[in-house]
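Novice: One structure coming up, written as structure tokens, with questions to follow.
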């Protein structure tokens, strides 16, 4: 009888947990994984995962590595597919590092022979399902991919925004409507958010990756930096400290509102120009 009760309890728990997984997903260690066969660039694949509240799959250990290889085989066959490893080298080469797209560090790796490569223009990670080994290819290549979806303790209350709890303690979004800086700020506030503030290389790198994912490369985007007194003393609109800067010195002017340029460095522009803009919803 005790064994029967245990089985019933376990089955009930399994069904309850599994109900949180997607219809086409497979649950493993409380994470729902979905393999997709359509061919996308790394950026497009991550954007698709993020639109549904997830990220490209991270692999924390050998057991998960084997599980994902087995999960992917029926969907992608022998073709390698995107996982969420990314080489964040877009700020300073000496400060470059591998991490998952949710900014968790690599605690386990399974590189194939001669990997990872460092002679490409961009560095994104694939898994070979037959061997489980990892490799590096150009991020613009079209590949199948695997997304992961977790039941995060904090999820974004705004549909379509992407949660980055461990980097921003909140969720972010590029709003693709062209507004002046004051109107962009008002629009963010309508969501209960603010124009984004940036405080370290990690946040800056993640913003750059997010912009690539959003398909708005080549645009200037309003951020929360401004000079309200027009005296050269910049502040963040959310009143956080200006403890990190990534200016393109050649583009600084006597204007008052901050942007991210299409090379991802910051500039100052006339606040009345209409731009897309970057919002941050904070969990605090």
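Quick reminder: no glycine exception, Cβ is built from N, Cα and C everywhere.
A TrEMBL annotation is a machine prediction, not a hand-curated record.
Relevant sequence annotations retrieved from TrEMBL are reproduced here:
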type	residues	note
DOMAIN	28-148	domain 'C-type lectin'
DOMAIN	171-280	domain 'C-type lectin'
SIGNAL	1-19	signal peptide
Novice: Going by DSSP assignments with H, G and I as helix and E and B as strand, what are the residue counts for the domain 'C-type lectin' (28-148)?
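Specialist: Looking at the domain 'C-type lectin' (28-148) with DSSP, the answer is 28 helix, 41 strand, 52 coil.
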Novice: In the domain 'C-type lectin' (171-280), how many residues does DSSP put in helix, strand and coil?
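Specialist: For that range the per-state counts are 27 helix, 34 strand, 49 coil.
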